[in-house]
Amino acid sequence: MEAIKDALRALRKRHLLEEGAHAPAISALSRPIISQGSEWKEKTEKLETELQQCYKAQSRLSEQLVIEVAESRTSKAILQEKELLINDLQKELTQRREECVQLQEELEEKTKTVDILIAENKEVRSQLEEMTNRVQKAESENKMLIDRWMLQKMQDAERLNEANDLYEEMLAKLKANGLETLARQQVDGIVRRNEDGTDHFVESTIPSTCGHRIHAHEGGCGSIIFEYNSGTLFTGGQDRAVKMWDTNSGALIKSLYGSLGNILDMAVTHDNKSVIAATSSNNLFVWDVSSGRVRHTLTGHTDKVCAVDVSKFSSRHVVSAAYDRTIKLWDLHKGYCTNTVLFTSNCNAICLSIDGLTVFSGHMDGNLRLWDIQTGKLLSEVAGHSSAVTSVSLSRNGNRILTSGRDNVHNVFDTRTLEICGTLRASGNRLASNWSRSCISPDDDYVAAGSADGTVHVWSLSKGNIVSILKEQTSPILCCSWSGIGKPLASADKNGYVCTWT
């Protein structure tokens, strides 16, 4: 800019000098050479033209100078903005350096913490290895103790067999001495007035009349059972509900919900406080009757649970059978399985003995098997049917057991000898499913079984003949149950209807 200003000054000075230099010459020459006016006039015009061009050049330089000044100011403003941005970036860089230093300090602290944790982990691993060694040692000692305990149980069983042999020998002597009648009364339990629970014993009557016909469930009713020594009936169906009925009025008392599958079988504890249901969802559900809530969900089976029973004297132990070919013993106080028995043929029905130590199971191969529930040992096996066993029922005194099969035969076995002491059949009695349940009356005098034609046949155990045929339902009968107070008899069908008979 200073150079441009100097150039403009020099240009003006030159112009003034040229004007001063030419003016005397022009005035001096104009007088003597008027005759040559035209020539000088041309020179003058030429000089004026040059002067105008100089003015134009000066104007262009002035405009260029203004533009350069404006651009210089703009550049100066941009420079100031860049300097401010550089200052901000320097401040941010300083802040980032401080954060980096802080992060490095934290990283060092974390590294020290990790080193401490690694050291602690090594120590814990060493402790775990030590505990694992202790556990393995304890397991080996436990196995040795179990082997010793099993040996002791085998010795006890041998002593029990010796005692049974001695008992049979004494019984033979009693028969020889003419005391056969008294011995039979004592052994067979016919003198039931001296047994526990005789306060509730009532002689059963032959049912003939339908007291109530109840639509209990949608889709079928697969299981029914009475409370102990009561007329209250529990029903379970394909609608996954368990319902409680007053058989005197036919009214619904309450419904129990929570099952995840169809109800296939049920059992009631001896104190009538809990009801257990075997379901198609591979689980068993335990309800508290008073509150209607699920107390336990017993899991462990891997296929549908088709049968369940509970101890006759204890409300703690439950046994179940499933299509995973296992029988499981459950502790209701703890809520888990305490023992498992394996077998080869699917089990359709089970029943616990009076003492709760033996399980009777009916299988698809038609056999009745007896198991020691504590050891899982097979005690005995008998071929009772030519087709699948559908039901196993124990008499009140525990001396007889009733089995029903798909061969449409109902066999009564002596539980001590496993000999058949009665066979019941009827031309019109055809079982409807693999889980058709029959039952024995509380006085052990009658047997009731449903048929696929909707009838219920009642036999006399002593005579072996049919004493009543009950006809009210139109669909196949799935199960029957007799109240422990002698009446009523209840039957449930495939359409979900339940009939009570008196």
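Note that Cβ sites are derived from N, Cα and C of the backbone, with glycine treated the same way.
Taken from TrEMBL, the feature domain 'Autophagy-related protein 16' covers 38-161. In this model, the domain 'Autophagy-related protein 16' (38-161) carries an average pLDDT of 90.
Feature annotation from TrEMBL assigns coiled coil to 79-177.
The repeat 'WD' annotation in TrEMBL covers 214-255 (among others). Beyond the repeat 'WD' (214-255), the same-chain residues lying 6 or more positions past its ends with a Cβ under 8 Å from any Cβ of the stretch are 197, 200, 261-268, 270-272, 275, 277, 279, 287, 289, 292, 435, 437, 478-485, 488, 490-500.
According to TrEMBL, the repeat 'WD' annotation covers 256-297 (among others). Outside the repeat 'WD' (256-297), and at least 6 residues removed from its termini, the chain residues within Cβ reach (under 8 Å) are 222-228, 230, 234, 236-238, 240-244, 303-315, 318, 320, 322, 324, 330, 332, 335, 349, 435, 437.
The annotation repeat 'WD' is assigned in TrEMBL to 298-340 (among others). When Cβ-Cβ distances below 8 Å are used as the criterion, the repeat 'WD' (298-340) is approached by residues 261, 264-271, 273-274, 276-286, 346-352, 354, 356, 359, 361, 371, 373-374, 376, 435 of the same chain, each at least six residues removed from its ends.
Annotation comment: TrEMBL describes 355-381 (among others) as repeat 'WD'.
Taking Cβ pairs closer than 8 Å, the repeat 'WD' (382-417) reaches residues 188-189, 192, 195, 348-354, 360-368, 423-425, 429-431, 433-440, 442-444, 447, 449, 459, 461, 484 in its own chain, all 6 or more past its ends. Look at TrEMBL and you will find 382-417 (among others) tagged as repeat 'WD'.
Positions annotated as repeat 'WD' by TrEMBL: 441-469 (among others). In the repeat 'WD' (441-469), the DSSP tally of helix, strand and coil residues is 0 helix, 15 strand, 14 coil.
DSSP assignment over the repeat 'WD' (256-297) gives 0 helix, 23 strand, 19 coil.
Residue counts for the repeat 'WD' (214-255) under DSSP, split into helix (H, G, I), strand (E, B) and coil, are 0 helix, 24 strand, 18 coil. For the repeat 'WD' (382-417), DSSP puts the residue distribution at 0 helix, 19 strand, 17 coil.
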